[in-house]
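Data first, discussion second: the structure below is written as structure tokens.
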Amino acid sequence: MSRRKQAKPRSLKDPNCKLEDKIEDGEAVDCKKRPEDGEELEEDAVHSCDSCLQVFESLSDITEHKIHQCQLTDGVDVEDDPSCSWPASSPSSKDQTSPSHGEGCDFGEEEGGPGLPYPCQFCDKSFSRLSYLKHHEQSHSDKLPFKCTYCSRLFKHKRSRDRHIKLHTGDKKYHCSECDAAFSRSDHLKIHLKTHTSNKPYKCAVCRRGFLSSSSLHGHMQVHERNKDGSQSGSRMEDWKMKDTQKCSQCEEGFDFPEDLQKHIAECHPECSPNEDRAALQCMYCHELFVEETSLMNHIEQVHGGEKKNSCSICSESFLTVEELYSHMDSHQQPESCNHSNSPSLVTVGYTSVSSTTPDSNLSVDSSTMVEAAPPIPKSRGRKRAAQQTSDMTGPSSKQAKVTYSCIYCNKQLFSSLAVLQIHLKTMHLDKPEQAHICQYCLEVLPSLYNLNEHLKQVHEAQDPGLIVSAMPAIVYQCNFCSEVVNDLNTLQEHIRCSHGFANPAAKDSNAFFCPHCYMGFLTDSSLEEHIRQVHCDLSGSRFGSPVLGTPKEPVVEVYSCSYCTNSPIFNSVLKLNKHIKENHKNIPLALNYIHNGKKSRALSPLSPVAIEQTTLKMMQTVGGGPARASGEYICNQCGAKYTSLDSFQTHLKTHLDTVLPKLTCPQCNKEFPNQESLLKHVTIHFMITSTYYICESCDKQFTSVDDLQKHLLDMHTFVFFRCTLCQEVFDSKVSIQLHLAVKHSNEKKVYRCTSCNWDFRNETDLQLHVKHNHLENQGKVHKCIFCGESFGTEVELQCHITTHSKKYNCRFCSKAFHAVILLEKHLREKHCVFETKTPNCGTNGASEQVQKEEAELQTLLTNSQESHNSHDGSEEDVDSSEPMYGCDICGAAYTMETLLQNHQLRDHNIRPGESAIVKKKAELIKGNYKCNVCSRTFFSENGLREHMQTHLGPVKHYMCPICGERFPSLLTLTEHKVTHSKSLDTGNCRICKMPLQSEEEFLEHCQMHPDLRNSLTGFRCVVCMQTVTSTLELKIHGTFHMQKTGNGSSVQTTGRGQHVQKLYKCASCLKEFRSKQDLVKLDINGLPYGLCAGCVNLSKSSSPGLSLPPGASRPGLGQNESLSAMEGKGKAGGLKTRCSSCNVKFESESELQNHIQTVHRELVPDANSTQLKTPQVSPMPRISPSQSDEKKTYQCIKCQMVFYNEWDIQVHVANHMIDEGLNHECKLCSQTFDSPAKLQCHLIEHSFEGMGGTFKCPVCFTVFVQANKLQQHIFSAHGQEDKIYDCTQCPQKFFFQTELQNHTMTQHSS
């Protein structure tokens, strides 16, 4: 038995299972039989036939086998097999499939047999059917631990239970790309996608039916094989056997079977093969295929015209042409007693619901060739061959018969139950769509009669839906050829086509056409049009009634036209119009909405009694006494307009529909739109607000601007790394890479230095050689002459020897003297280009005449060269004689290297190395091609001329003034020029504090008092003219310039006779003038220096103690009669902070500061009889500035932050703290104790940098340390009291770190 995985078969949808997934159009999987575990072997199953024991893989295969092929099965009791029959949708059938009711079912009578094909995997029992086995397995609750919370079904695996729950929850994540269908499983979606495939490559060679798979075609061909072997006279295979060998119409090749002929045509003559999109037409005599109906008719007339085989199926009369046969068939439809049309009988009857027994009888088909004027009431897919009729409705034509069911598509099988028919339709005719049932109250579309009954009970509160439905008037139609009664024209049309059509396949595939007025049936469209034109458009005609009733009691069908189509098709029912709009205009609202809104042209329903009565009266008036109507006229039933052509009549009806159909307007702004889609887009704009957010890709946070997102990315998702360029290792902090460099790349290198001559050597061997040659050989003679290299034992000997090297060697060209001959020779070679092989006797005149002649010639040549070159050396600076220079004897150019000189001579004078310069001097001066326009000197290269021209132009000016754009050759000249642009030339006052500056020293000192003017990028700024300077030299130039311009200012006054007057100094408070600077006290207030007289200082002490004197400042005498009005007017004292000048403690108010001074610093309180201030023992810590770097060292207590100026005072102060408080200093943050405040402060620093990777950063200058105590030492040495950041709100103390403030608050102010 095969155990490979196979998808379970598709099945009809159970109406009671409301959480099923819809598969395909009208197909669903049963909630009980639906496969949940496609991946498990225990959930897969195979199907076997009970009669012949043949095994099948799907339910559709075994169903088709039992119906058509199995010789041991009757073919009508298939529904007895639960694995093949269709489950009923009634409540009783639901109980049978529920696992909770499985105990009451007798499914285990056959268990225990050793040969049964379905054994239980949990026990020894076996069963004959798979359904029995599934019911039995549900009893093993201990083996199936997972239970569905909806239907209590048990599962072995959790994934099976979860997949099953999706059936109840409706979780459908697999969507069809072609339509809006959704499925919970991918295999169901694959099955559904096959319905959208228009290409069916597998064609039946007999009936030309298409299939999606070869297996389906193989099963279909078995049906033809069974029919071929049987004794059916109407079989097409028998017809083919009776015929001669078939021949191809193209190549005259003969074939025994039609499938061989069709295969030959498809392969050899593809242009002659019928199109797959259209149904092929086959001749009833020779079975030749045709594409068009006209070709088939011409073929029958020409080839088979002599044979009278066009027989009538009613009277067996034969005709030569098909048209004659059609005319004869029309005569059969005329009644014998009258000349009226033999239309199908209309009987107003009620129908009884059969939902209790066959609720799924709604299997209907939508014919694509339906006549537009036919009523669109849902058609029944299964039709009855005989139905029980009452004698009042049908008269003698009614008869009692057993209810049987037959397929309307293949018309070959009879089924005893509707369930078997449903299985047949689902397995054999999957390509046929499904139709629904419509409620007569609210016109709601329902999938089945059972759902219709439930809808009537719940919505319309019907106690007995069967009685209500039967009481409702309905129109039924009776076939004139048999006793069949149907409920709509479409069903009657299918009945006539299938039961009373010709044997000709072309005639069978065509539709029967019914008149919408009298319901007369016609076999051709042309005959129907002729009938409407001749009968219903002629007032003289009297054929209007039914042949059964004999009186015009039938209501006139109202006409509805689609206004969205170009040809304006006409429909006689709103339902048909709605269906047309749904299929062809999906975005257009249905016409049913217009009827409910009261916008229909006629308010009465066509089936209502009032409408029937009114239309009947109108028709009677028209038939009886109305005016005569001309033939071929069309009269509008809305306005009475008459038209002679059908096109103009349809166009006129379209105008009525345009006025009836409402306009699509926006409920917000009343704007009109042509269709529903544009209206929906417009209305969405009213309810839509577009907001732009910028989302972080890492943490999904939203930001309203790009700047916020970039700031977030820089703060949270950006890391700065440090890469070592030596080993390419990466570090996350600066401290880490510093440690890495100190550990791995700090290589030790030893240098060996000689202590005697301070020479350095790389290794010890070189030092030993040096000592051997320089110190051992001349041992005892450590003093060496720098001129001749001779060594001496004592320094006195060396000094006596140096006197012998007096400058006795004089140069005969420039009169320079040298100590040694070698220096003179070097000077001659470098400066005068004299190369002598023999040292001349410079002290005597004993030189030979030849030597003197050569020297004279060379001297003359050099003199002439200097004169002709326009004093080239004069334009350049003198070269230092200590550096070796190589001069050109032609142009006088000097170079520091001999190779540069050789390159110059080769480039500019065409003199190669080694050639005699004296021989070519005169000739070389004339050969140059590049001539100087200034001095007429020639050069051999353009670069040489360019360098020479620079000597005439002067130095290159690379420095440009940023104010006026003038260029200068040096930075010094540019600085002196920039000062001339100053706007403060006549004042020497600081533009920030307005303090007068009298000298350059005061100017430079005052610039240091404004630290906010410093900038590490641009340098300093002058306090007088506010220009930016880049160096201290430039700042000094500014000071010199400004002090020279202000030399006749306010501080230095001159009389008319030019006599110098003594410099005066003013008090910054009372503006009194003093002749001596010592009479004023210099104060540093807010970083600015001020001068106050003694009286102002004394009075400001009593009113505002915050103004203090710096230590070491001179205290002049205090005047008793000095006024404070000027100081009060200026408001100088009011701007001082309330901070104690002695201990630098800040207070909130002046009263607290006064109390502090009276109690703590009594020695600073001035005595009324005293005229001088006392020098305080404790003074505030001054600001550290460049001008105050030489002040006294201060000491500050960590505990109370008092400042002392000597170590003894702070030691005594700390000892008092230890006596009062002891050695236990507790950290309030972690309850640790320390023996000193310094250790406690170091511990609090560690608290501040917890989680920072072991690094400690200074909060003031941001210097990084790896130890907390190093940071503590740095703070004490580099930063003072004024740099502390955190102030205590309850006392004047300040702290560097927040943890210090927290610990201080918890210790001192916790109460």
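Every residue number used here counts from 1 along the chain in the order it is shown.
Cβ atoms here come from the backbone N, Cα and C positions, even for glycine.
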Candidate ranges 8-30, 146-168, 997-1019 [criterion: Swiss-Prot lists as zinc finger]: 146-168
Record-annotated phosphoserine (source Swiss-Prot) among candidates Ser568, Ser605: Ser605
From the candidates Ser343, Ser608, the one which Swiss-Prot records as phosphoserine: Ser608
For the zinc finger (560-585), the mean pLDDT of the predicted model: 73
Three-state composition of the zinc finger (174-196), taking helix and strand from DSSP: 11 helix, 4 strand, 8 coil
The zinc finger (560-585) - residue tally per DSSP class, helix then strand then coil: 11 helix, 4 strand, 11 coil
